[in-house]
Amino acid sequence: MTVETFHPKQTTTLETPAKTLEAASADSVNTGNVATGNRIGFVSLGCPKNLVDSERILTQLRIDGYEVTNSYDNADLVIVNTCGFIDAAVEESLDAVREALEENGKVIVTGCLGAKENQIREVHPDVLEITGPHSYEAVLKHVHKYVPKPEHNPFTSLIPQTGVKLTPKHYAYLKISEGCDNRCTFCIIPALRGDLDSRGAGSVLDEAKRLVEAGVQEILVVSQDTSAYGKDKGGRTDFWNGMPVKQDITSLARQLGKMGAWVRLHYIYPYPWVDDLIPLMAEGLILPYLDIPMQHASPRILKMMKRPGRVDRQLEAIQRWREICPDLVIRSTFIVGFPGETEEDFEMLLDFLREARLDRVGCFKYSEVEGAVANTIAELISEEVKEDRYHRFMEVQAEISAERLARFVGRTMDILIDDVDEEGAIGRSFADAPEIDGMVFINGETELEPGMLVRAVITHSDEHDLWAELVDADAEDEVEA
């Protein structure tokens, strides 16, 4: 049994890629007896959370007997799953809708931007239907309206238990909740996706088990607010495999860590109970990797953002975490040019970077998001100043990142292979999340395959990536684990 394969096409406006369907050869794709005239094109934009929504829609389309195509010309209808978080993402989404309309003419829009139907209709009045984010049933209902459900034999067009995936076979995103209870002034996600709505722990663990049984070697846990998982459950316990499981992020992470795959946590809000996750990393249950967006370091700006404002406590926490788990890799994101940000505020941010010594850092220039409170709370910063601060920020962090990566030189590490080309293999260590962090290059090793987990000694580094050589299995006992 085979299904279509999806490959990333990197965008320039987002940290995560658009996903489009790549055609597989006729002899490698089993479409069963899906009738022609029932082909659906699909474009997925935005973050990994949106990617999971796309996977769910695509899975149901295949279950219903539709064929998914990579060609606008061959599609009877095109679905565009949009992002609407920042202006650049909105522009990209509207461009994708425009292209689909020009190339095909029959388009359904869903996703975060779909929550702003009037904005889409003003630009693209010919769109057939518009739904908001995680509106799976509504999307399928609209598809059935314009392209009737085909007659098909479900036994000849089987779908894996894991469903259709837009990621390579060896890693997958696992979304554990929807929405967010925080009200950061620069963000409109709660308005688009609602308040926190956690999945039951049993459901999450069932999905994770299916992924691992299907060969997934890395599970990337995502949500709008991962560390808040279960807060909305009121302390209720769920059950999995007949065992009670507390519905909080620490208990969930502990159970995920027992499944034998890498477990990587993303989008961790800096709640006090994040401390409880670090021992799990030190024990090796989950990867020693913490994606914790801090956004700024000026107490004044953090207060305006409605974010935790005790930077001294954050620095103390980072030191405490590293003492418990010395291998810990911390990734964060920050905003420069937030309304009202002074040069003094920005210098506080640079000072924080120099003291915190974070491993992986992303930086965004503040973008006015329609409906965000932050747009009107203080004077907007000019584009010239934002650009200058962005480059100064990245220059400081590049030096820090180079220093942090250099500590791996000489170490032997597990490397998960993502790709192999004529020059060798490209993989990632525990320190590297796919698509947003660096890579590990193993030159000359063209016989490796994606999904392999190999041992390699790190030979050198720069501010982004590592280079390595495979370790002789016979010498494994002589090298550092």
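Positions of Cβ are set from backbone N, Cα and C atoms, glycine also.
Features reported for this protein in Swiss-Prot:
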DOMAIN    38-148  domain 'MTTase N-terminal'
BINDING   Cys47, Cys83, Cys112  [4Fe-4S] cluster 1 binding site
DOMAIN    166-403  domain 'Radical SAM core'
BINDING   Cys180, Cys184, Cys187  [4Fe-4S] cluster 2 binding site
DOMAIN    406-472  domain 'TRAM'
Number of Cβ atoms other than its own within 10 Å, given for Cys112 ([4Fe-4S] cluster 1 binding site): 28
Cys47, Cys83, Cys180, Cys184, Cys187 as binding-site residues, winner by CB count within 10 A: Cys83
Nearest recorded site to Cys83 ([4Fe-4S] cluster 1 binding site) by CA-CA distance, among binding-site residues Cys180, Cys184, Cys187: Cys187
Alpha-carbon spacing, Cys47 ([4Fe-4S] cluster 1 binding site) to Cys187 ([4Fe-4S] cluster 2 binding site), which is rounded to whole Å: 14
Shell list ([4Fe-4S] cluster 2; ref centroid = CB of Cys180, Cys184, Cys187; cutoff 8 A): Asn182, Arg183, Phe186, Ile188, Ile189, Pro190, Gln224, Asp225
Where Cys187 ([4Fe-4S] cluster 2 binding site) falls in three-state DSSP terms: coil
Integer mean pLDDT for the domain 'TRAM' (406-472): 94
Cys112 ([4Fe-4S] cluster 1 binding site) versus Cys180 ([4Fe-4S] cluster 2 binding site) - Cα distance in angstrom: 14
Secondary structure content, the domain 'MTTase N-terminal' (38-148) (per DSSP, counts of residues): 55 helix, 22 strand, 34 coil
Cα separation, Cys187 ([4Fe-4S] cluster 2 binding site) to Cys112 ([4Fe-4S] cluster 1 binding site) (Å, whole number): 12
Helix, strand and coil residues within the domain 'TRAM' (406-472) as assigned by DSSP: 1 helix, 33 strand, 33 coil
